[in-house]
């Protein structure tokens with residue numbers, strides 16, 4: 001359920017903010033999911049107890065939940081410690097947020113083995129693949145795509161969709177608060 005909650009949260013953020021970084025993070029999630037589908041198709045390793053979960057037809061290697069959570073955990077870690085870089089929050093707060101993300105990732109991965117959906121190897125491979133892809137995707141977005149965000153926002157489609165680039169705003173919460181307060185007065 002956690003991956004579904006995360007996906008709906010991302011979609012909600014995209015719909016409400018139209019932030020390019022969030023949109024590209026979601027694109028990375030989708031590519032990560034597609035890679036999991038293709039890896040399962042190629043590897044075709046069965047789940048540990050196929051008679052327990054009769055309704056599940058997909059293969060077990062790598063674990064989809066673990067791969068998704070590995071991507072999520074690593075990407076969020078890079079986002080917190082590189083992108084935010086204490087611009088918005090204290091180091092203690094960003095560390096706390098990351099530890100919560102890592103803990104949720106660990107619980108989800110443990111649950112896949114505990115509930116007998118996957119072997120520990122299938123979960124480990126999933127989290128490693130997701131983590132590696134999360135790191136690569138963050139670096140691509142941060143250093144190759146973010147510099148061209150202004151092209152997206154200035155394009156006719158960017159203006160039509162009202163896409164936004166919050167990259168250069170140090171403290172987004174304070175910025176939004178100030179804008180709303182000035183608008184009200």
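Positions of Cβ are set from backbone N, Cα and C atoms, glycine also.
Any TrEMBL annotation is an automated prediction that lacks curation.
According to TrEMBL, the protein has these features:
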type	residues	note
DOMAIN	22-138	domain 'Phosphatidic acid phosphatase type 2/haloperoxidase'
SIGNAL	1-16	signal peptide
TRANSMEM	23-43	transmembrane segment
TRANSMEM	63-84	transmembrane segment
TRANSMEM	96-117	transmembrane segment
TRANSMEM	123-145	transmembrane segment
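With a cut-off of 8 Å between Cβ atoms, the residues of this chain six or more beyond the transmembrane segment (63-84) that come close are 2-3, 6, 21, 25, 28-29, 32-33, 35-36, 40, 94, 97-98, 101-102, 104-105, 108-109, 111-112, 117-118, 122-135, 137-139, 142. Sequence-distant neighbours of the signal peptide (1-16) (same chain, 6+ residues past either end, Cβ-Cβ under 8 Å): 22-23, 25-26, 29, 64-65, 68-69, 72, 104, 107-108. Per-residue pLDDT, averaged along the domain 'Phosphatidic acid phosphatase type 2/haloperoxidase' (22-138), amounts to 87 for this model. With DSSP classes pooled into helix, strand and coil, the tally for the domain 'Phosphatidic acid phosphatase type 2/haloperoxidase' (22-138) is 86 helix, 0 strand, 31 coil.
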